[in-house]
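Structure first, then comments.
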Amino acid sequence: MTQVSHQQWGEVPGQGTVDLWVLQSSQVRVEILTLGAIIRSVYSRGKDDLMEDVVLGYDDLEGYVTDKRYLGAVVGRVANRIAKGRFVVEEKEYQLDINNGPNALHGGLRGFNKAIWLATAVEGGVQLTHTSPDGDQGYPGEVRVSVSYTLQGETLTAEYHARSTRTTPINLTNHSYFNLAGQGAADIYDHEVSIDAQSYLPVDNTSIPTGEVRAVESTPFDLRKQVLIGSQLKDVPGPGFDHNFCLSLPGDPWAVRSATRVCHPASGRVLEVSTSQPGVQFYTANFLDGSIKGKGNFRYGKHSAFCLETQNWPDAINQASFPDCLLRPGEDYRHVTHFTFTTV
């Protein structure tokens, strides 16, 4: 049985009040903000039976309002990068704001992560809805989007829906940063990870996929068997993992598939993720640099957390061989991701 409660948490000047929703089962406690549909906290049990908060975030609302790293937020209209912020839909070219080197990232300068969503209680959780007007951040069509967070036992489920009045690219995910050791842990080098992917997407020097779908075999991206993140990072070119792993291929049927397992042996905590999305962006917080003061005044540094962004493949709008990312009038965008927190 999941207990659901909510309270006012603060106010964003000119935008309105922000509520904090709490989902509590016997194994897990989840806190959700109506700002950005943010997962503020996930408390899970270790082998010592102690509950620890395993999600990075802030102690107050101001931290989330000024945050530039998408901590815990739903990002959209299009998660990840669009090359040069440009795309063509139905023979019309669209130019988005550039906010990540030469590219557009995570929906724009004011994406879904900065909106205050409307919340409604549902069985075992909360449904958050948001309407993105036609032309929002440069995207075509009015999009009505919802994400439902429900907690059943040890599993948190995020279910996304969207409908649009015009054909538009869409790619929604949650951008939570996890550290299974809890708050204040310096890094994730002692975590072990496996990802159920036979291939990944190599990227150029601006993190845009080159178009190649490369087998993970005999590369540092072969995470099909559990590996220690700290030692694996030494073999990855660049500052760390920030790559899409291919969970399914274009044309594969919609299905919820096992995606990844992360284990922290010292605490015994395990996070397993399954999703209907065709990819997961495994990101090792390469660009956290210690400048962010998070919960308990801890500074979040490089490699202090990991993200498992279940999503369509990056820049799919500009890569014809990638899974289709267009939402057309009359269609229902729907994706599901399950986060299961257990101990070993």
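Each residue, glycine too, has its Cβ placed from N, Cα and C.
Copied over from TrEMBL:
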type     : residues                                     : note
BINDING  : Asn80, Arg81, His175, Ser176, Tyr177, Asp242 : beta-D-galactose binding site
ACT_SITE : His175                                       : active site, proton donor
ACT_SITE : Glu309                                       : active site, proton acceptor
#### Entry: Inter-residue C-alpha distance, Ser176 (beta-D-galactose binding site) and the residue listed as 'active site, proton acceptor' (nearest angstrom)
8
### Task
Go through Asp242, Glu309, the listed recorded positions, and name the one with the sparsest Cβ surroundings, counting other Cβ atoms within 10 Å.
Asp242
### Query
Which ones are near Glu309 (active site, proton acceptor): of the binding-site residues Asn80, Arg81, His175, which have a Cα within 10 Å?
Asn80, His175
### Packing count at Tyr177 (beta-D-galactose binding site) (other Cβ atoms within 10 Å of its Cβ)
25
### Task
Any same-chain residues 6+ apart from Asn80 (beta-D-galactose binding site) with CB under 8 Å of its CB? Would you list them in sequence order, or say none?
Leu105, His106, Asn171, Thr173, Asn244, Gln281, Glu309, Gln311, Pro314, Asp315
